[in-house]
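Pulled from TrEMBL:
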| type | residues | note |
| --- | --- | --- |
| DOMAIN | 1-61 | domain 'Chitin-binding type-1' |
| DISULFID | C24-C36 | disulfide bond |
| DISULFID | C29-C43 | disulfide bond |
| DISULFID | C55-C59 | disulfide bond |
| DOMAIN | 81-129 | domain 'Chitin-binding type-1' |
| DISULFID | C88-C100 | disulfide bond |
| DISULFID | C93-C107 | disulfide bond |
Amino acid sequence: CGDSPLHCASQQNNTYSALCQPPCASGFCCSKWGFCGNTPLHCDNQQNDTYNTLCQPPCASGFCCSKWGFCGDTPLHCTDSGRCSPTCAPGLCCSKWGYCGSTSEYCNNKPEVGANDTSLTRKRFDCIFDQLDSGARDKRWQGLQEALSMVQFQAQNRDELIMFLAHVSHETDGLKTYEEYCGQSGACANDYQDSWCPPVQAEPGKQYYGRGWFQLSWPCNYNTAGQALGVDLLKNPEKVA
């Protein structure tokens, strides 16, 4: 005696043990052994039922796409565990269904992103600065490429690149401004005039509030940055932005 499909196949009054002489009842799949059910063993290889349709999104209303790429309404289908948001951990790939993994189903010939990947692609740039309109984002991207062509810069690891971009995003309000808002309005325009590196002093009539992707501020910092770039930023702080 038993209660598995193998024991009960001859019983026709139980949905789970009905030999499928297709179709199965709504919401159930026919396993490769010819029995109806709604478990992965029944539905993994099926493509003709709502519960096991490979999601090439979206699933039907009320259903979710599981990390294995099938539609259903169970916790296994609808929890967010493993979703790429928006990137996966080093060594993992984001599948076309939005989940992280390392098998061919996830990576599909896409290069894996490792801890040493320091490339800043246009796709990543657009993802980070997604609050900009497309026109402004194009200009910012072009400006970055021009700057990188003139200055030798290479992040040593992925964390360094992430910190660089996080700093830029924070200081520029997501690249929406190159000048500190309170400086533009005049509220803090004269708050950055002091010097701690004599004989360098603020130039008369010049203001040293935050400007640029890293919000350069104070006369000493303008002077040092200008020396590194070969530009007199102490006398011409407005050239930063």
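Every residue gets a Cβ built from N, Cα and C, even glycine.
A count of other CB atoms within 10 A of each Cβ picks out C29 as the most crowded of the disulfide-bonded residues C29, C36, C59, C93, C100. Of all the disulfide-bonded residues listed here (C59, C93, C107), C59 has the Cα closest to the Cα of C24 (disulfide bond). All protein chains included, C107 (disulfide bond) registers 16 other Cβ atoms within 10 Å of its own Cβ.
For C107 (disulfide bond), the spatially nearest entry among the disulfide-bonded residues C29, C36, C43, C59, C100 is C100, judged by CA separation. The number of other Cβ atoms within 10 Å of the Cβ belonging to C24 (disulfide bond), over all protein chains shown, comes to 24. The disulfide-bonded residues close to C43 (disulfide bond), defined as a CA atom within 10 A of its CA, are C36 out of C36, C59, C93, C100.
In the shown protein chains, 26 other C-beta atoms lie within 10 A of the C-beta of C43 (disulfide bond).
Each residue contributes its Cα atom, and for C59 (disulfide bond) and C29 (disulfide bond) those atoms are 16 Å apart.
DSSP gives C107 (disulfide bond) a helix state. On a Cα basis, C36 (disulfide bond) lies 5 Å away from C29 (disulfide bond). Taken residue by residue with DSSP, C43 (disulfide bond) is part of a helix. For C100 (disulfide bond) paired with C93 (disulfide bond), the C-alpha to C-alpha distance reads 5 Å.
If you take the Cα of C93 (disulfide bond) and the Cα of C36 (disulfide bond), they are about 34 angstrom apart, rounded to a whole number.
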